[in-house]
Amino acid sequence: MKPALLPWALLLLATAPGPGPGPAADAQDSCSMRCGALDGPCSCHPTCSGLGTCCLDFRDFCLEILPYSGSMMGGKDFVVQHFKMSSPTDTSAICRFKESIQTLGHVDSSGQVHCVSPLLYESGRVPFTVSLDNGHSFPRAGTWLAVHPNKVSMMEKSELVNETRWQYYGTANTSGNLSLTWHVDALPTQTVTIELWGYEETGMPYSQEWTAKWSYLYPLATHIPNSGSFTFTPKPAPPSYQRWRVGALRIIDSKNYAGQKDVQALWTNDHALAWHLSDDFREDPVAWARTQCQAWEELEDQLPNFLEELPDCPCTLTQARADSGRFFTDYGCDMEQGSVCTYHPGAVHCVRSVQASPRYGSGQQCCYTADGTQLLTADSSSGSTPDRGHDWGAPPFRTPPRVPGMSHWLYDVLSFYYCCLWAPDCARYMQRRPSNDCRNYRPPRLASAFGDPHFVTFDGTNFTFNGRGEYVLLEAVLTDLRVQARAQPGRMSNGTQTRGTGLTAVAVQEGNSDVVEVRLANGTRGLEVLLNQEVLSFAEQSWMDLKGMFLSVAARDSVSIMLASGAGLEVSVQGPFLSVSVLLPEKFLTHTHGLLGTLNNDPTDDFTLRSGRVLPLGSSPRELFLFGADWAVHNASSLLTYDSWFLVHNFLYQPKHDPTFEPLFAGETTLNLSQAQEAAKLCGDDHFCNFDVAATGSLSTGNATRVAHQLHQRRMRSLQPVVSCGWLAPPPNGQKEGNRYLAGSTIYFHCDNGYSLAGAETSTCQADGTWSSPTPECQPGRSYAVLLGIIFGGLAVVAAVALVYVLLRRRKGNTHIWGTQP
């Protein structure tokens, strides 16, 4: 009896005429307005290409585009691939995004259809449709990827020459000309117009009337040659434009009228518009900025406290980099890119919370020094600053404070200019953007699978299960999190199939999120990433905002998946197989099942079957094989993709655990003396490495397993809990030395001149999270240091006088001591 099939899989098979490579024979059906559909005599689903079941017009209606991504600011021209108009001369194109935003496209002389991306207030994958009949129907569909402006290549935007100077223009010693440049080829036209656009958010904050808006303000230049550069001397804008304090420049073809929306364009980075501010700013920028800083403070005091729902910062840099499900590198301070930390001098690396806070859409930021110490705003203006508006925005985007980049600019960055950069009042800013000091931070729990394959559970149990099939690595009812994997046999160097298996695909979904699958690419050692059964390209972007998750790809051999719950997956290529690590926050405690065990700090129940029966830790390899087989995926709940006839026949149609596959069990492996010596030299006491050398006959496979195991152990060390005693204040009228507040750290106190220390001179962070002594007081009166200086200074004077007296006495009786020999 065959297992129940997924509905989409049933439809997939129903449309399949057989394993042949060609399209469906019955071409009367069409993909017009059917992209993604499986029903009918032919398929319009992404899997149809690999199965040869596509309708003949699949590529005409289910569109591929190049480029497939661009700035959410819009203005990017993209071309539909694999489809050309037979008579392009009189045809126009209308491109509709998100069912409501229309831009005017065109058909070029070769018959290719072009669209222009619109100005959006969101990032991520945006569906679009195309009409070639003047808007009467939109049968063709595709997906555009809108990205955060800071993630766009410099080739695709205009550059402010010395951007800092633009944003300080009008302050002390900053005047004269400003320049911008751009790549002429990116905007093919003879003449251009350069415009200023301003961004604002109006209405009562956190109300239904709170809205975001980009507005065309005025031109800087019109009908100038498209030379790739422009220089001008800024003048204060008229009063009617002064309310805009942040914005961007846009360069367009001069044939478009001023402010025309959604035309091909190049944008600069968004920036503080110091250069267009009024004469009041230029006459006394510090006073002007202080007034704005005070107004911002008054507004902040009326807004809800967003700090309470932010995640706690990791205590150390190693924790921050290892906790990849909840934190990701801040591109404004990245040690992998030279640690150019403009807003956090003294830091070498910052991370941001991946997910915005649920209610207010806010974000956490955590910055660290070279020795891994967290920088706090209470100690330095370089400290970590939380954000009322998450820099990366937050679903559903579009409305404040969830607009990527721009909400953050208004509520967190522009105010930093007011208080810290244009005026010396940074303490006022830091008081309302205090760092989190990590006392309540709890590292995530880690589990991994790698090699042939070997498992290390969340509670630290190690075992090997090399079944052939598809298995549940993790299920968590708490958030309906599911992680599944496919395991297939390896091959020896002579082509013989091994009696061991390894992971070749991993898929994940949480709640109603997108489904992401990472698998080994056919014929290469690289990775292939699928979104809802469709292969993704990372040729243009390495980061994607998806439904319920974020996705980051490093080169072609590592993928990070960050889920809305704070859970994270790291999937990488290690030798011939995949290695997967899963990170879970503490809230998943007691909520997990599957091959990665029951997360409850009790390893004795890690081998829990679906029925609830628990196998003891000392179970034999064959008993553990039955445990693994029990967690085979059910067809009706499979997340994995079957887009080739090999996968259909070997995994979709077959039992999810292959009962005919007989693996090699521990204790059954044998190596000749030479092999054993080589394995011992390579693996040492790593039993996983030794097993894989014996099972595959390959030292390179054993080495890949050893490396994967070491990576797991290294991350485990990085995620060890650290005790923090919290920030310790300096005494009034005194100072402290030290800014590290973890167990074993010592803080030293000193008083200003004219004050003496009352209390301990040092305080040490103890293992129980308390300081050994409170902050002492500095009381009026000469400090101990001054008194000691006077005492020792007086003694020194007395000693000097005595020495002179002795020497004079000696000279009187022994002149040769001072003069020449007689």
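Yeah, the Cβs are placed from backbone N, Cα and C, and that goes for glycine too.
According to TrEMBL, the protein has these features:
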| type | residues | note |
| --- | --- | --- |
| SIGNAL | 1-24 | signal peptide |
| DOMAIN | 27-66 | domain 'SMB' |
| DOMAIN | 285-433 | domain 'AMOP' |
| DOMAIN | 445-639 | domain 'VWFD' |
| DOMAIN | 723-780 | domain 'Sushi' |
| DISULFID | CYS751-CYS778 | disulfide bond |
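For CYS778 (disulfide bond), the Cβ neighbour count at a 10 Å cut-off comes to 23, with all displayed protein chains included. For the domain 'SMB' (27-66), the partner stretch with the most Cβ pairs below 8 Å, chosen from 285-433, 445-639, 723-780, is 445-639. Counting every protein chain shown, 26 other Cβ atoms lie within 10 Å of the Cβ of CYS751 (disulfide bond). For the domain 'AMOP' (285-433), DSSP puts the residue distribution at 53 helix, 19 strand, 77 coil.
Secondary structure by DSSP for the domain 'SMB' (27-66): 8 helix, 5 strand, 27 coil.
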